[in-house]
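So that you can see what the record holds, here are the features copied from TrEMBL:
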type	residues	note
BINDING	56, 128, 153, 183, 187	substrate binding site
BINDING	154-156, 188, 219-224, 240, 275, 296-298, 343, 350	NAD(+) binding site
DOMAIN	188-349	domain 'S-adenosyl-L-homocysteine hydrolase NAD binding'
Ligand code: ADE
């Protein structure tokens with residue numbers, strides 16, 4: 001491969017990346033089975049796939065599975081701060097997969113990398129946040145004709161794609177991988193739960209027990225964060241705008257209140273709402289001295305960082321991934337990971353065992369798009385239930401568990417309305 005066909009930090013990191021990808025793969029039995037089948041059946045033979053995903057060990061294993069299926073794959077980062085540079089190097093050096101991703105890249109380089117992924121002339125795009133699809137709509141409409149479709153990993157991406165569909169500008173089918181039960185119920189809850197706490201702890205090394213931990217939002221991601229923060233002994237407060245989710249949080253045992261009341265009590269505030277300016281100047285005005293603020297939502301808009309920059313008189317960096325802002329009244333606010341998703345900025349993202357299911361969905365979604373290219377209409381689709389269930393069944397089997405099956409009598413009962421008391 002020529003050096004112009006990739007842009008990574010250091011090829012010399014490849015050996016470390018290969019070892020870490022192998023380590024991760026031990027926890028990814030479902031994706032491994034799919035890779036082995038893909039190797040035999042080559043269902044993606046010759047198909048150009050451009051992926052824009054967090055470049056992690058788990059993504060590295062997904063790229064290997066797609067390449068084993070015969071796809072011609074390139075990979076760009078889906079966030080400037082989430083790339084694991086050793087994985088990028090290993091994919092280039094050992095798998096001959098072009099990668100465009102450098103941890104800490106500027107916004108300008110980030111978009112150059114997206115452009116490079118689109119210059120691959122994809123037939124399938126695989127997004128985490130819909131940046132490739134929006135790049136096609138904004139700058140590369142010429143690609144639409146040869147596109148088979150796209151797959152989307154995350155809640156925020158699915159929201160963007162549904163907005164495109166509602167406006168009538170989405171030009172091809174998209175599989176919303178996030179809508180599979182084996183994705184959002186596990187990756188978003190257990191993955192974000194564990195990895196966000198991991199990110200906060202690695203960035204700060206601060207004890208959580210006995211502290212007040214405010215979680216903004218109570219969707220699948222934020223409920224995972226709340227659960228794990230509670231598990232570490234923190235007093236958790238939830239803020240919400242949806243009355244049903246707020247009620248759920250109350251019944252799960254958390255205090256619920258508006259952010260303006262929660263902020264003065266908080267030692268930590270973590271956002272995972274998918275919305276912008278959830279933490280704004282009115283929050284900075286009331287937080288207590290030393291408060292730690294982080295985001296685990298997809299985009300770095302949840303915390304109004306420009307407002308904080310304006311309010312602060314000084315800014316220091318006491319540790320990696322911690323920016324300490326001092327306000328005119330002397331209060332210090334510790335912002336983690338520049339407000340980018342903290343689980344990938346200061347930790348390693350979701351653990352492999354949970355990404356196993358997310359990326360099994362991604363691999364099967366690309367195969368499904370291809371097989372059903374003539375019947376799938378323009379729009380945002382979920383993967384069929386049987387594939388979702390197959391992933392869960394394979395995961396259970398890999399975990400050494402078996403479950404009951406319906407008896408013929410029970411099946412009949414479930415399909416009839418005549419039996420009653
Ligand atoms: N999103 C969250 N965690 C991730 C991981 N480990 N790999 C890829 N994408 C992720």
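Glycine residues also receive a Cβ, built from the backbone N, Cα and C atoms like all the rest.
Sequence features annotated in TrEMBL and their locations in the structure.
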residue	record	Cβ contacts under 8 Å, 6 or more apart
56	substrate binding site	82, 84, 87, 344, 348, 349, 355
128	substrate binding site	52, 53, 54, 78, 152, 153, 154, 157, 298
183	substrate binding site	153, 177, 357, 358, 361
187	substrate binding site	350, 354, 355, 357, 358
221	NAD(+) binding site	155, 188, 189, 192, 193, 196, 272, 296, 297
224	NAD(+) binding site	188, 189, 190, 191, 192, 193, 194, 196
343	NAD(+) binding site	192, 195, 196, 198, 199, 296, 349, 350
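Summary for the binding-site residues 154, 188, 296: the Cβ-based neighbour count within 10 Å is maximal at 296. With a cut-off of 6 Å between Cβ and the nearest atom of ligand 1, the binding-site residues 56, 153, 154, 221, 296 reduce to 56.
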